[in-house]
Amino acid sequence: RRVMALPGELWTELPPERRIFCSVLLFSWAVYLWEAFLAHRQRRVYRTTTHVPQELGQIMDSETFEKSRLYQLDKSTFSFWSGLYSEVEGTMILLCGGIPFLWKLSGQISGHAGFGQEYEIVQSLVFLLLATLFSAVTGLPWSLYNTFVIEEKHGFNQQTLGFFFKDAIKKFVVTQCILLPVTSLLLYIIKIGGDYFFIYAWLFTLVVSLVLVTIYADYIAPLFDKFIPLPEGELKQQIETMAKSIDFPLTKVYVVEGSKRSSHSNAYFYGFFKNKRIVLFDTLLEDYSALNKEPAEGEDGENEETKSKAKNKKQGCKNEEVLAVLGHELGHWKLGHTVKNIIISQVSYYKLGCFLEDFVIIAVSE
């Protein structure tokens with residue numbers, strides 16, 4: 001007589017909703033463990049590679065390499081622990097019924113505001129607001145540690161505590177101003193979409209993502225950072241020449257004030273069709289980085305505190321180095337990486353929607 005059921009039999013005997021629940025947990029942990037394994041291999045490289053690789057011997061000194069190695073090692077270790085916490089937190093929320101509890105609480109809050117159970121979209125928005133608020137609060141200690149311990153330790157942080165919290169609150173408010181209206185429209189589309197709701201929802205999210213990419217740098221990013229046009233000069237001429245050499249439809253070049261947050265440098269481009277703009281971080285440019293300038297008399301306390309963190313070493317790159325960084329970014333455009341990534345992600349979302357619809361139909365029929 002068989003005493004124990006086989007795993008496959010136990011799985012088929014589970015109710016459909018339990019199978020969905022277990023599948024979500026298993027998939028989440030499988031992805032996390034795979035990424036953790038890859039990160040572990042990379043940390044081992046950071047620990048054992050203590051000398052400049054031969055390929056970099058002519059362009060990097062040992063001091064710079066050691067600083068970079070230790071920084072990446074600290075970042076990877078931090079990423080491991082924060083990722084583990086996030087995975088455990090998500091698992092505990094699922095196992096302990098955190099989502100149903102939050103949904104019930106959202107219904108109570110919307111009910112007190114005069115919206116009954118028939119106002120499902122209102123309840124969903126309250127639920128989303130509470131969920132993002134919970135995520136922001138639980139993620140705050142990790143963000144503080146990353147900024148004021150790791151980034152500060154390696155000389156990259158330029159923020160004060162006051163600036164950090166003001167920036168975090170502003171980001172949360174702006175995110176809600178975008179997220180809640182978009183989510184309400186998406187839920188309405190799902191509600192009236194019938195059997196093919198996932199197609200309409202997919203098309204809506206595609207349009208929203210394209211619109212956000214288009215307006216982000218012009219209307220959202222300036223809420224947090226100051227953008228100024230790159231003045232006429234040798235660097236601008238060289239950038240325009242590089243863009244013209246690959247038929248990049250450049251219209252404007254901006255410098256963004258990134259030095260009030262970090263001494264990290266970067267560059268990026270944005271815009272669709274024939275309206276491309278390039279943005280350079282001021283920390284990338286020797287002549288524009290606030291970290292290379294003395295605080296002016298009479299400036300407000302926040303700027304004085306931020307600029308007082310500047311190191312003695314001059315920040316920024318020479319023109320040819322700036323062009324090298326920018327050339328990397330323009331290479332993504334020339335090879336069509338951005339468009340390819342958008343297509344791949346949208347196809348994935350569509351396939352996922354089809355899969356979920358089939359899964360739900362099978363679960364309901366059983």
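Keep in mind that glycine also has a Cβ here, set from the backbone N, Cα and C atoms.
Here is what TrEMBL records for this protein:
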- 20-38: transmembrane segment (TRANSMEM)
- 42-226: domain 'CAAX prenyl protease 1 N-terminal' (DOMAIN)
- 121-145: transmembrane segment (TRANSMEM)
- 172-190: transmembrane segment (TRANSMEM)
- 196-217: transmembrane segment (TRANSMEM)
- 229-347: domain 'Peptidase M48' (DOMAIN)
- 294-313: region 'Disordered' (REGION)
- His328, His332: Zn(2+) binding site (BINDING)
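Beyond its flanks by at least six residues, the transmembrane segment (121-145) meets 78, 82, 85, 89, 102-103, 105-107, 109-110, 113, 115, 164, 168, 172, 175-176, 179-180, 183-184, 187-188, 191 of its own chain at Cβ-Cβ distances under 8 Å. Listed as Cβ neighbours of the transmembrane segment (172-190) (distance under 8 Å, sequence separation of 6 or more from its ends, same chain) are residues 120-121, 124-125, 128-129, 132-133, 136, 197, 200-201, 204-205, 208, 212, 220, 223. In the predicted model, the domain 'CAAX prenyl protease 1 N-terminal' (42-226) has a mean pLDDT of 90. Counting residues 6+ beyond its ends, the transmembrane segment (20-38) has Cβ neighbours under 8 Å at 14, 80, 83-84, 87, 90-91, 94, 359, 363 in the same chain.
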